[in-house]
Structures are given as C-alpha cells and as structure tokens.
C-alpha cells in the first residue's frame, strides 16, 4: 500500500494541487479544445460530410483557420478556475484520506483511496462547473463563425445577464456525475501504480520522474474512460440554447442516443485519450515536485 509514514497535510495538498493543475492546463488545453468541438459539432446533413471527420481533422482545421491561438481558445477560464480547482481537488483527496485514518501511520486500502478520490470530485464541482461552462462556450463559438463573446470575463458577464447564477452553474449535476466516480478512479489508480512501480526496498516518495509521469499519465486515461459519457452529455447541455433540454441530462441522453447512437457517448474519445496521458502526467509531476518543495521548506506544516 501507499507509503504514508508522514502525516497527511490537506493544506500542502491544496498548494501543490494548484501548481499541478496549472501544469495540466498548459499541456492539455489544445486537445481539450478539439474534444469539445467534436462533442458539440452539429449532425451533418444528408449527403454532406461532417464539419470534422475526426480528431486529427479537427486539429488540422483549427490550426489552419485560427493558428496556435485557436487551440488555446478559452484557456483563460480554466487557468483562472483550474488552479483553485485542482488545489481543492487535491485538498479533498488529502482530507478524504485523513478522515479515514485512525492513526497517522495507518495505510489505506484501495477502496478507501477510491472513496477519498470521490470526495475530491464533490469538492471541485462548485469551481469546475462555471469554468467548464465558459470554456465550452468560447471553444465552440470560433468554429460556429460568430463572435458573441470577446473573452472569458465577457462570456461570464453575458451569461449572467441572460440567465443569472443558474446560467453560470448550468450543468452542475452532470459535472458531479462525471467527476465523482472519475476522481475516485483517478486517485486510486495513481496510488496503485505508484506502489506497483516502486522498486522493492524503496519508498514511494523516492519514485523517479519517469515513473511518476507513467503513473500520472495512466491514471489520467483511467479517469477519462469513466468520465467521457457524462462529459459528452455535459458539453452538449452546457452549450445548448436556454430551454432546449427542460428535463436536463435525460433529454440530452435521449436525443443523442436517438439521433447518433450509443457510440456518440464516446465522441472525442481519441482526443481525450491523446490528451489524457501527457496532461495528467504533467499534473502529477507538478504536484509531486511542489509537495517535495513544501515538505522541504515547511516540514512541520
């Protein structure tokens, strides 16, 4: 099991998680843009090709039409939201682990780590939902040809003017449905892989950079295998015109399966999988580096 000789510090998890989240956004945002555009593209008319035939076609067209900046469209919202969001995510995981320990030296089982990860998903929803809503709206407007929003703050202001706080938090239930089980899988897989990759006789805290990158990258893939179907529903729901889906995700699911089949729940799968490994490897490496730095400067925190 995971090496937990040192007492768990939720505060250190908060700070290190914020840095890890920034690393994730910088590495992963271009393919997140591709994922959202694939998930929200309208169905093609009979006899006409779709707007994007796949991940690489979407990436190529975005790059040709909008340049590198197009791939980073809407990044301000996740950068503003992701630092506190991942900070809260890792804080929730640290707190979840601490709550299940009777003594600081107790080693948690994998189901307990899964439960701690699920708690982190609950913690992040309040920050994640507005950032995701704004990000998705900005990502699809460039491909639609209209410019309704000039940036993240302008988008938030206009959505609030049109729909109030409920408009900003549109998609909260779907974000919870995505992040609670996916976060449990994310953290449990990471801890499991760290243990597997730790050489015999060595401590988990001594794991090399390549092994941390491998554990973090694979954990990201496992996370998204669980998260993709509710993420597709969330993207559709958050970018739909007001009133289109009065019964929430049930209407989105019914329409999507009826019109495009069950396979549509895995739209953007290739983009997500390509993005998941490097982005989450960067996230966990950033977290581990920041945690070691914090342990060095504040060993008693």
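Heads up, the Cβ atoms here are built off N, Cα and C, so glycines get one too.
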Here TrEMBL annotates transmembrane segment, and of 33-53, 54-74, 75-95 the range meant is 75-95
Per DSSP, what is the residue tally for the repeat 'Solcar' (207-293) in helix, strand and coil?
73 helix, 0 strand, 14 coil
